[in-house]
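Annotation source TrEMBL lists GTP binding site at 11-17, 39-41, 302, 328-330, 412-414. Annotation source TrEMBL lists IMP binding site at 12, 13, 14, 15, 37, 38, 39, 40, 129, 143, 221, 236, 300. According to TrEMBL, the Mg(2+) binding site annotation covers 12, 39. Taken from TrEMBL, the feature active site, proton acceptor covers 12. Per TrEMBL, the feature active site, proton donor maps to 40. Taken from TrEMBL, the feature active site covers 140. Annotation source TrEMBL lists substrate binding site at 296, 297, 298, 299, 300, 301, 302.
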């Protein structure tokens, strides 16, 4: 059966920790979309591993890991990340790693173009990671991108790459600092190295599902960064929700056993875009410092604020979560008062909205309606049982369930793998 782990906010919710726990029983762990713009750390056996493009199921030597067809695949990042994991002792990783032959290739050209497109937007920049994810998906949608299987047809690959480079050169002129021949030379080296990892992922996943293999799928980014359902245009360039999982890996919906939404006990966001519950004062700074809120992939500091349950309810209405994993509850341990966003108030009519509107200009004018909770002001770090949490912390968790209509099944109480309550 298939278990799916999805980010429910703007990313960085701590999906990797639950993936690490659940992948111990999985025999296949897969990524469906995104690229090496994703990132999370997994601490296992006292060692911290950073994952960006590769599935974190690689920590389990019994688990095969697949980079799916909906991913934009950077070959250089792939080999670098693999080498880093092997250097930290995951010597089995190489034999447990597969890449779909239908995945799009993310090029150095795309990264260079990404930076120039952000410069064009000036004050309206998206705040991308600069890894070329947007341009890769743009080429895919325009049907002039390069797929992984085409790497092995040297003539086709080089013709298509030169055509892409020429097109961008016409657009950006001398601003485009890029040498197509250098990239072609790199791929002539990669061509001989990559073949052992490439697989027909449709056949592979069909066979795995038919056999009833335990499959764990880790979503990248999060629902509020989805190209269709996120805070557009300040989003990523792929479908980060349930729909992207199904199409990115050819998942049979009837095989899905659980859809887990991962949410922090507060909210963070990287990059530009609306963030109604952001706290620009002392509380936000405190959340950032205690929660160590800076990115694994980029090192960028994250914007911080209170938990927004309107966002979680909206996220659940798109992804149909069967359970929540509420993470980093312990970060709230020292707050005397904890706020939760429960509605947005129309500034003209006073009407309270319990839904997330598409019109972000309208949402920007709305006021946030908060519910305040008494803080517990005692440590919850490493607590393993729900009944051992302070009464105030239990009330906080129970309110999340009541408001969203989705049970909280896992609660993170610290950075270690074992710092987790299972209900």
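A Cβ is built for glycine as well, from the same backbone N, Cα and C atoms used for every other residue.
Automatic prediction, not curation, is the source of TrEMBL annotations.
With 12, 13, 14, 15, 37, 38, 39, 40, 129, 143, 221, 236, 300 listed as the residues that bind IMP, the site has a largest C-alpha separation of 34 Å. Among the binding-site residues listed (11, 37, 41, 221, 299), 37 has its Cα nearest to the Cα of the residue listed as 'active site'. Residue 41 (GTP binding site) sits 16 Å from residue 301 (substrate binding site), taking the CA atoms of both as reference points. Nearest in space to residue 221 (IMP binding site), taking C-alpha to C-alpha distance over the recorded positions 11, 40, 299, 329, is 11.
Every protein chain considered, the tally of other Cβ atoms within 10 Å of the Cβ of residue 329 (GTP binding site) stands at 25. Cβ packing within 10 Å was compared across the recorded positions 140, 300, and the lowest neighbour count falls to 300. In sequence order, 12, 268, 269, 270, 288, 293, 294, 295 constitute the residues six or more apart from residue 302 (substrate binding site) in its chain with CB-CB distances below 8 Å. Taking the recorded positions 17, 40, 301 in turn, the residue surrounded by the fewest other Cβ atoms inside 10 Å of its Cβ turns out to be 301. Each of the binding-site residues 11, 14, 39, 299 was scored by how many other Cβ atoms lie within 10 Å of its Cβ, and the smallest score goes to 299. Counting every protein chain shown, the Cβ of residue 129 (IMP binding site) has 23 other Cβ atoms within 10 Å.
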